[in-house]
Structure formats: structure tokens, C-alpha cells
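Quick notes on the structure that follows.
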Amino acid sequence: MEPKWLLLLTMATLMEVGNAQESVKPLVKIVKGKKVCDKGWSQYCCNQTISDYFQTYQFEKLFAKRNTPVAHAVGFWDYHSFITAAAQYQPHGFGTTGGKLMSMKEVAGFLGHVGSKTSCGYGVVTGGPLAWGLCYNKEMSPSKVYCDDSYKFTYPCTPGVSYHGRGALPIYWNYNYGETGKALKVDLLNHPEYLENNATLAFQAAIWRWMTPVKKNQPSAHDVFVGNWKPTKNDTLAKRLPGFGTTMNVLYGDQVCGQGDVDSMNNIISHYLYYLDLMGVGREEAGPHDVLTCEEQKPFTVSPPSASSS
């Protein structure tokens, strides 16, 4: 049985979805040179919402194999959970920034990351390796509990709890569960299993990560993708450009980027291009090679040593 707060979270978010998907066009006014809408949003409510251009049948095409008997999270992930979570971030520009083309590309980009990180499609699997996104909602055989004691004064590990990967963009380590839980007002530090018990919360955590800088003085993946971020001279020298490639740099740093033409990077790119095709956008809209990849980019972040971790 789900905790009461999870049920309340879902009910409250459903109400937001209903408001976010109204068919009545918002009343738009210009106040001090900026668009203001009567929905109570920022200017993004003047644009289409995600459910206007990305519907159930498209979600099913993108994640065609997620409920096959051999998948590991059968019945967990669904379109409704994604749209419910997304409704909370549409007022902040998620999938609503720019015109319809940019909005569709952002959803494909975000889901490209999700699909690649939750896939169990390898080799010559049925339907092809790119059809198996959302196969997992947690790491199946964790090798350790991912407890970093250097955060014992801020995000101390709960005895007996493992902080292995869970969610749509899998979260690892106690400090990441603690930070995400604090932002979402959910006790993920003591109960990381909430992410594998509630698909809406799992998508919500992933979209929050997409919309939020990993560190101060760094951009979010969202801002990098939609062009809100303007590279500094140092960014240009580091070959970091606005676009999909740098979203990988924001989210994964040296785990994926600055290592040349590696499989871990190409797998994420392949999912993005595949999803663009399935959504009817077309991979030709993804941009040139240097925008798509991060193979030559200097990483924003360097992975911390695990000497003090278990």
C-alpha cells in the first residue's frame, strides 16, 4: 500500500495536469514588455503544453518493449505518470520553451537520456536495442550501497539503506537522494525506495534534475538545450556549445564527455535521434555533429573519488 503522502501528491498533481491541459487558449497581455497569461503561469503558458503535441500513442512507440515479460519494471512506467510529472515543470519552460519544434525536441532529448539509462536492450534484441527504454526502474544487482560518509553532516546515510540507482534518470549516492528529496519535499534520504514505488515521483525527480543546475555557476540541461545558456569564453575554449551534446556534459561530466567517440555517449545520442524520428520531428533537426556530441568537450564536473565510500 502506498504511503498517504504519495497518494496526496498524485491527486494534487492530477489537478495541476487538468489545469495545464485546458483546451481554452490563455488570455495573453503585454506587461512591461513581457507576455503575461491568465493561467497564473509565466510566459510559457502562451505555448502548447506537452500533451498537445506528445500523446499516448507516441509514448507507446518510444517505449514499445517496456511491458514485455522479460522487462524488469512491467506495469510501472506509463504516459499518464510522465504527463502528470511534466505538468509541474511546464510553467518553468519544460517542453514549453520556444515554438513547437523546440518543445518537441526537448521532450525527445530528455526522454533520450531516460531511455538510454533505463534500457535493457542490447545486441540484436527483438525490436532493436533502442526499443527497450524504461525496462528498469532500479539497479538490479548493486555492487555497493553508495554511501559517502563525507556527507554525514548534511545527508547522512540511513543504516541498512542502499543508495543504488533508482528512477527515470537513475539517482546514486546518499547526497543525491538527499538533495533531490529536499527539492521535492520528499524524504528520499531515508526512503530512496519511493522512486521505485511511484512512477510519477520517479519522472518528477528526473525532470527536476534536467531543469536544475548540478552545481552553482553551471547551466541546467534544460537551459543548455533550449538556448537560454550563453557560453563564456572559457566554455568556448572547452568546446562546450548550446545543444544536446552539452546536456550530457551537464548530467554526467567526465563519465561520458571528453573521452572521444565512446559507446556510453553514442548510446544516449542514438536514443535521442530514434525518438526524434518516432515523434515525427526527424533526426535531421538534431543539428550538426559538434552540437550532438560531447566527445571533445572539457567536462563540467569530475567524478569524485570513491575511497571514502561504500
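Including glycine, each Cβ sits where the backbone N, Cα and C put it.
Features reported for this protein in TrEMBL:
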DISULFID  CYS147-CYS157  disulfide bond
DISULFID  CYS257-CYS294  disulfide bond
DOMAIN    58-284  domain 'Glycoside hydrolase family 19 catalytic'
SIGNAL    1-20  signal peptide
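The disulfide-bonded residues in question are CYS147, CYS257, CYS294, and the one with the fewest Cβ neighbours inside 10 Å is CYS147.
Taking Cβ-Cβ distances under 8 Å and a sequence gap of 6 or more within the same chain, the neighbours of CYS157 (disulfide bond) are VAL145, CYS147, ASP148, ASP149, TYR163, ASN174.
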